[in-house]
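Asker: Residues or ranges marked as active site, proton donor by Swiss-Prot on the basis of similarity to another entry: TYR30. Residues or ranges marked as substrate binding site in Swiss-Prot (evidence: similarity to another entry): HIS105. Residues or ranges marked as NADP(+) binding site by Swiss-Prot on the basis of similarity to another entry: ASP190, VAL191, MET192, GLY193, GLY194, GLY195, ARG196, PHE197, GLN198, SER199, LYS200. Per Swiss-Prot, site 'Lowers pKa of active site Tyr' is recorded for LYS57, and the stated evidence type is similarity to another entry.
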Amino acid sequence: MGSMNKEQAFELLDAFYEAGGNCIDTANSYQNEESEIWIGEWMKSRKLRDQIVIATKFTGDYKKYEVGGGKSANYCGNHKHSLHVSVRDSLRKLQTDWIDILYVHWWDYMSSIEEVMDSLHILVQQGKVLYLGVSDTPAWVVSAANYYATSHGKTPFSIYQGKWNVLNRDFERDIIPMARHFGMALAPWDVMGGGRFQSKKAMEERKKNGEGLRTVSGTSKQTDKEVKISEALAKVAEEHGTESVTAIAIAYVRSKAKNVFPLVGGRKIEHLKQNIEALSIKLTPEQIEYLESIIPFDVGFPTNFIGDDPAVTKKASLLTAMSAQISFD
């Protein structure tokens with residue numbers, strides 16, 4: 001997304017709040033800890049802590065830049081020590097007494113589900129954390145963790161964060177059904193394809209100005225698939241009377257499931273306004289079907305064999321339909 005100085009960051013946060021925004025997502029390691037520090041300074045200077053929902057994360061190595069690679073085992077991972085020091089430091093940087101949502105940033109496979117959920121629950125009991133989230137973790141791990149938590153009077157995960165967009169739909173295979181089962185909200189990242197979803201007009205403008213794509217992986221060209229999906233997004237955008245491809249990309253994930261809160265970022269207030277525009281756009285079933293036809297997605301076995309949940313599809317699976325006539329209306 002490019003760099004910003006503190007003044008520019010505060011201006012963007014001010015515009016976000018004035019537009020009605022109140023939830024900010026960050027992590028212990030973002031920008032070598034500066035993200036949490038700046039957010040904390042902004043909230044304090046504006047006296048807005050009570051109005052803001054802060055979501056941050058632990059697991060990532062947030063001290064590598066300071067202590068050096070290979071020397072920061074206690075500052076990363078899902079284990080108790082990592083959790084303890086990370087939350088301690090996040091509270092200090094954010095200049096707050098509590099974290100609204102604390103995420104496990106990613107599953108490291110080195111700490112047991114029981115240890116992680118027990119340790120997280122203690123933070124909730126202490127009032128340091130209000131709700132728990134989990135990010136970039138297999139659905140089976142989250143399911144086992146939530147079953148353990150609810151079976152033992154612990155706090156379960158209430159929101160899942162992961163990669164999902166109209167071009168990359170693996171999220172729909174197991175994550176969405178899992179979240180539906182546990183009543184979890186969804187916070188997808190990479191909704192706009194890491195900045196690669198750009199209309200032909202926007203790309204020509206960039207070329208004219210000597211700019212490439214400014215993405216998380218550097219400046220580069222669109223792939224053939226990204227060009228195709230961008231053209232499709234532009235077509236749907238035109239049907240909604242807008243030129244914003246990103247607004248349609250955001251509207252797509254919001255139209256696919258309940259309780260979807262896309263994570264979006266940007267450096268300019270005009271980008272923020274385009275993102276907000278997506279909140280008023282509701283895609284039709286035909287538009288969703290069209291977008292998904294551009295780059296077909298195979299949900300894989302067993303769903304492509306037994307079908308999805310009839311409560312969602314409103315129709316019986318192939319095997320059930322062979323045996324009985326059932327209405328799901």
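Residue numbering: from 1, along the chain as shown.
A Cβ is built for glycine as well, from the same backbone N, Cα and C atoms used for every other residue.
Tell me about the setting of these features in this model.
Answerer: Other Cβ atoms within 10 Å of the Cβ of TYR30 (active site, proton donor), summed over all protein chains shown, number 17.
A coil conformation is recorded for HIS105 (substrate binding site) in the three-state DSSP classification, outside any helix or strand.
Taking a C-beta cut-off of under 8 angstroms and a sequence separation of 6 or more, MET192 (NADP(+) binding site) has the following same-chain neighbours: ASN165, THR246, ALA249, ILE250, VAL264.
Summarising the environment of LYS57 (site 'Lowers pKa of active site Tyr'), the number of other Cβ atoms within 10 Å of its Cβ, over all protein chains shown, is 26.
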Asker: About how far apart, in whole Å, are the alpha carbons (Cα) of LYS57 (site 'Lowers pKa of active site Tyr') and ASP190 (NADP(+) binding site)?
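Answerer: Cα to Cα, LYS57 (site 'Lowers pKa of active site Tyr') and ASP190 (NADP(+) binding site) are separated by 17 Å.
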Asker: Report, in whole Å, the straight Cα-to-Cα distance of GLY194 (NADP(+) binding site) from HIS105 (substrate binding site).
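Answerer: Their Cα atoms are separated by 19 Å.
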Asker: Do you know offhand how many angstrom separate ARG196 (NADP(+) binding site) and TYR30 (active site, proton donor) by C-alpha?
Answerer: 22
Asker: Just to be sure I understand the packing, how many Cβ atoms besides its own are within 10 Å of the Cβ of GLN198 (NADP(+) binding site)?
Answerer: 22
Asker: Taking the Cα atoms as reference points, how far is GLN198 (NADP(+) binding site) from TYR30 (active site, proton donor) in Å?
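Answerer: One finds 26 Å between the Cα atoms of these residues.
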